[in-house]
Amino acid sequence: MEQFTLNLIVVGLTFALYVGIAIWARAGSTSEFYAAGRGVHPVLNGMATGADWMSAASFISMAGIIAFGGYDTSAYLMGWTGGYVLLAMLLAPYLRKFGKFTVPEFIGDRFYSQTARLIAVICLIIASVTYVIGQMKGVGVAFSGFLNMSYEMGLWTGALIVAVYAVLGGMKGITYTQVAQYVVLIIAYTIPAIFISLTITGNPIPALGLFSNTAAEGVPLLEKLDTVIQDLGFASYTAQTDTTLNIFLFTLSLMIGTAGLPHVIVRFFTVPRVADARTSAGWALVFIALLYLTAPAVGAMARLNFVDTMWPNGPQQDAIAIEEMPNWVQNWERTGLLAFEDKNGDGRIEYWADEEKNEAVKVDQDIMVLANPEIAGLPSWVIALVVAGGLAAALSTAAGLLMAISSAVSHDLIKSMINPDISEKGELMAARISMLVAILAATWLGLNPPGFAAQTVALAFGIAAASLFPAILMGIFSKRMNSQGAIAGMLAGLLVTVIYIFLHKGWFFIPGTNSFTDDDPLLLSIKSTSFGAVGAMINFVVAYVVSNATQEPPEEVQDLVESIRVPKGAGAAQAH
Amino acid sequence: MSDRQSSNAYWRANIRTIWICIAIWAFVSYGCAILFRPLLSGIKIGGTDLGFWFAQQGSIITFVILIFAYAWRMNRLDREHGVEE
């Protein structure tokens, strides 16, 4: 059977599963639409959070980023997991006790201010929309690369599937499809990883294989990798190349950004009790760690595999002859992710760090995950599974983001600001329409991606870290924090961070309008991607100063803070 | 009034627990994996140093254990202070 027929069958089966779940998990009330009726088991919510969190970037790109970045890129591993510790202790249980539907709703109620709520809505929409563009692009690329479909057709097919379960089931439909998508994506990620680890180290568990000896030479894998890539002129894999300050701040920005992203926070509104919100964060991290502990192993092993392929007898001997290239190399050369140029015309491709003599002119980082099944010589159904896994990762994250965007529109804008008298049935209809509009907007952005799409992840994390996370944190842990302080803090953190990003990436990401670059940043060695943590500190300081200079919050708000701090009575809050 | 005193004691115990967890959280990631990595370079593990292991695996494993430990401790505190659901 042709590979693409098999891909179609496997992807078709998973899509049928998602639609089946959607029909079973329809939402009948706003509570079901916004918070899955608060009846999701904590372990299942953990799985759904895993799929919600792990995007096309985690699935396809992260191992490749680590493969080419080595130690420095550990910031992603620690940053995208460490945020869950903050969520579990500092945010999730109290927001679950608060017992409402959206993050801006908490900020608006706690700081007794529609202005604060509106700022939170704006932050939420910018962060989530920039994030969703990448997911939609991932869906289009997967379809066009593996299913012989045009990019546009692929994007519309993906959007249609999301529309079916998100419009019909809201958070409830999204939750249970995310559980299924987690299972698909983790199986698809793990199977090729186990085989590549077995081949290289003889250890079936990739995370252990990373710190084992190679099966062929009996030397530690990381030691061998360090030696071979340094022989080719690349930087050492295990050594630090970036400054300690920047790695520190980058990790911190990713951690607090993770904890502050609304589409992750709202997942914890769906569990029955406050205690469940805490354990559910633990389960979420277990399911995320299954992939995040495998990814660095895949990265290191795939890099070693690639070097061994290019230099079959080591860099001291001849490089690989063009006619001896294995099949997978030729397959991926066709997609443009790999490109070779025999500069010295000797019929061999020499892979070097030095651009002058390097003949492997393009080695896309995504190849490290995508080509794995072929490198390991796995059967074609495994390749089909990887395609389905990549799609599951992209669709589940897109759905979570669209949920956050549409509930901000229907609940925070329409219900709270434009038409407070709307009936529950009317709000449910408004929520479904908002969802549909959000999907259409995201699809349009996927079809016409702005040139800056790849750079906006820094923006999403920067905004979440510098404005949302500190505001929620102070709302829970400081009874004295008032609306003036919170608003001033959010605006200060947001503006400083966005301006710092624009100064380095160009104003509104327009190329050429930047005054600095990330290689030579404005402040010390702090890159624009690492600035979210600094923005958060500015937010805290400004909020503290302004709050202490103005009136303390009213009695009933202080009582609200008292009440969200204890779990007792969360069941009653459901009646709101 | 006694309700309020009990929930104040509960909140103080919660804050204490959070500080301990945050200290461990920061120690493994910002400490062992980044700042103290040069100090730990003498300890070898699987062809590299302990700091590299903490950066790529050790921190993540510690984070998982930390969340469950915090949840377990808070469930006990909830019951001791009579604020559980």
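Heads up, the Cβ atoms here are built off N, Cα and C, so glycines get one too.
TrEMBL annotations: computationally assigned, not manually curated.
The shown structure was predicted, so the numbers you read here are calculated from the model rather than taken from an experiment.
Record features, source TrEMBL:
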type	residues	note
TRANSMEM	A:6-25	transmembrane segment
TRANSMEM	A:77-95	transmembrane segment
TRANSMEM	A:116-133	transmembrane segment
TRANSMEM	A:153-170	transmembrane segment
TRANSMEM	A:182-200	transmembrane segment
TRANSMEM	A:247-269	transmembrane segment
TRANSMEM	A:281-302	transmembrane segment
TRANSMEM	A:381-409	transmembrane segment
TRANSMEM	A:429-447	transmembrane segment
TRANSMEM	A:453-473	transmembrane segment
TRANSMEM	A:485-503	transmembrane segment
TRANSMEM	A:523-546	transmembrane segment
Legend entry - Whether the transmembrane segment (A:281-302) meets the transmembrane segment (A:77-95): three or more C-beta pairs under 8 angstroms: yes
Inset, instruction - Might you confirm whether the transmembrane segment (A:153-170) is in contact with the transmembrane segment (A:6-25), defined here as three or more C-beta pairs under 8 A between residues 6 or more apart in sequence? - result: yes
Legend entry - Stretch contact, the transmembrane segment (A:429-447) with the transmembrane segment (A:381-409), Cβ-Cβ under 8 Å, 3+ pairs: yes
Legend entry - Cβ contacts the transmembrane segment (A:247-269)/the transmembrane segment (A:182-200), at least three under 8 Å, sequence gap 6 or more: no
Inset, instruction - Sort out the residues at least 6 away from either end of the transmembrane segment (A:485-503), same chain, that have Cβ-Cβ distances under 8 Å to it, and list them. - result: 107, 110-111, 113, 115-116, 119-120, 123, 458-459, 462-463, 465-468, 470-471, 474-475, 509, 513-516, 522-523, 528, 531-532, 534-536, 538-540, 542-548, 550
Legend entry - CB contact flag for the transmembrane segment (A:381-409) and the transmembrane segment (A:523-546), at least three pairs under 8 A: no
Legend entry - Stretch contact, the transmembrane segment (A:116-133) with the transmembrane segment (A:453-473), Cβ-Cβ under 8 Å, 3+ pairs: yes
Inset, instruction - Could you tell me what the rest of the chain brings near the transmembrane segment (A:453-473), counting residues at least six beyond its ends with Cβ under 8 Å? - result: 57, 90-91, 95, 103, 106-107, 111, 116, 119-120, 123-124, 126-128, 130-131, 133-134, 137, 253-254, 256-262, 265, 486, 489-491, 493-494, 496-498, 501, 505, 509, 528-529, 531-536, 538-540, 543
